[in-house]
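Per Swiss-Prot, the feature signal peptide maps to 1-27. What Swiss-Prot lists as topological domain 'Virion surface' is 28-465, and the listing cites sequence analysis. Swiss-Prot lists Asn46, Asn91, Asn100, Asn120, Asn212, Asn354, Asn400, Asn429 with the feature N-linked glycosylation site, giving sequence analysis as the kind of evidence. What Swiss-Prot records for 53-86 is region 'Disordered'. Feature annotation from Swiss-Prot assigns compositional bias 'Low complexity' to 62-72. The domain 'Ig-like' feature in Swiss-Prot is assigned to 258-356. Marked as transmembrane segment by Swiss-Prot on the basis of sequence analysis: 466-492. Annotation source Swiss-Prot lists topological domain 'Cytoplasmic' at 493-501, citing sequence analysis.
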Amino acid sequence: MLTPRVLRALGWTGLFFLLLSPSNVLGASLSRDLETPPFLSFDPSNISINGAPLTEVPHAPSTESVSTNSESTNEHTITETTGKNAYIHNNASTDKQNANDTHKTPNILCDTEEVFVFLNETGRFVCTLKVDPPSDSEWSNFVLDLIFNPIEYHANEKNVEAARIAGLYGVPGSDYAYPRQSELISSIRRDPQGTFWTSPSPHGNKYFIWINKTTNTMGVEIRNVDYADNGYMQVIMRDHFNRPLIDKHIYIRVCQRPASVDVLAPPVLSGENYKASCIVRHFYPPGSVYVSWRQNGNIATPRKDRDGSFWWFESGRGATLVSTITLGNSGIDFPPKISCLVAWKQGDMISTTNATAIPTVYHHPRLSLAFKDGYAICTIECVPSEITVRWLVHDEAQPNTTYNTVVTGLCRTIDRHRNLLSRIPVWDNWTKTKYTCRLIGYPFDEDKFQDSEYYDATPSARGTPMVITVTAVLGLAVILGMGIIMTALCLYNSTRKNIRL
């Protein structure tokens, strides 16, 4: 939380020095003889005098030291002169005594330590300088550095929950988030003549900084916020030897509520477990979404051995989270109402939404394939009304004009299911042909329900029944011939006996 304080320190220091300088000029291009308003605003840019660029602040010599934590014994009254940017310090003591006065170390108070700002909007914070007015000889030069430290999130979530529980969420250096290279946004300086200087900004009008000399206030705006602005601002006040005096942190929390929440409950076959996935799309930051499950209104707890969650980040769109759960047995339980409850939380902001789905249960159909009277015949029992039949010959789909399918009745064991019969002429091509009867319309693999058989039309297969037929005919002829002969013999013998008598 150093960033908010640093920013505040910088703002207040600049304002304070403006008030103290006997001939304070707020802009490098403004004449001291011109009256200026108490409010100064500017974008970070190169402010120079006579075309000279901003000079570097000298480094502190090794023998120098800064006096701190001393209290002032004199009361100061600050009055702003009208018509000039100067301030008169009325002291109870003389100038000689004034030169020996000591003052408290300045402090910076910011209005917040965290700025929650939604995507594409503007984030703001204000800092105020708290310090006894020092003399110009003591505080003749200072620097306020505004530094941005980005925080980038890892593209995996193995430690998301652990980091959240441990309070490491958003902390640089944790397994969940880490800082990229820091960047100087602006360096604001006041010289002994009361002129304010600032370094150029590489971001154009991305940042807007203003100073109010009356209230000793500095404000910072971050415009059109995007994911790259997530991090913390660091406000550092340095003395004229470039030594840091105050360091404040203000965290910039980029926010984005989930764009959508959906529950996917895929269909299952009777006897399998119900499964569901909750998809939370396009939110920020990762870890700001909490998912809970309900089954028919009752709390359902995912199992660690087979359920879980994972997320990924899409550039320009935010994070997407998928949470999964496994429930019950579809062969025993009726299809449940599965609900996913999502809570998005950032700071004091909470947004909740939910989605519900009911899975569909399919029953295993019964089908068989046989050959009869020159047809391949497929008999199907207990299929939904949307199921149709497709024939394949040698694994090649056949036009539906080559076969026909009819409904033969209703299934006796499953409501709203029916029985079908489909047939296709077999090929009389003197070869062995594969016929496949496949059910189409199930939300599973296409070959999930099918039956295949071979029809043998080779000469060898055809020869066997012919031999049997010829043999049968010859056998019958022999039997008939023998019967005729025996009958004739019997009649002949009977006739001879009658003649003898």
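Each Cβ is built from the backbone N, Cα and C atoms, and glycine gets one as well.
It is 26 Å from the Cα atom of Asn354 (N-linked glycosylation site) to that of Asn120 (N-linked glycosylation site).
Look at Asn212 (N-linked glycosylation site): DSSP puts it in a strand. Sequence-distant contacts of Asn400 (N-linked glycosylation site), defined as residues of its own chain at least six apart whose C-beta falls under 8 angstroms from its C-beta, comprise Arg390.
Asn120 (N-linked glycosylation site) is 72 Å away from Asn429 (N-linked glycosylation site) when you measure Cα to Cα. The 10 Å shell around the Cβ of Asn354 (N-linked glycosylation site) contains 14 further Cβ atoms across the protein chains shown. Rounded to a whole value, the Cα-Cα separation of Asn120 (N-linked glycosylation site) and Asn212 (N-linked glycosylation site) is 27 Å.
Highest local Cβ density among the glycosylation sites Asn120, Asn212, Asn429 belongs to Asn212, counted as other Cβ atoms within 10 Å over all protein chains shown. The residues of the domain 'Ig-like' (258-356), classed with DSSP into helix (H, G, I), strand (E, B) and coil, number 0 helix, 65 strand, 34 coil.
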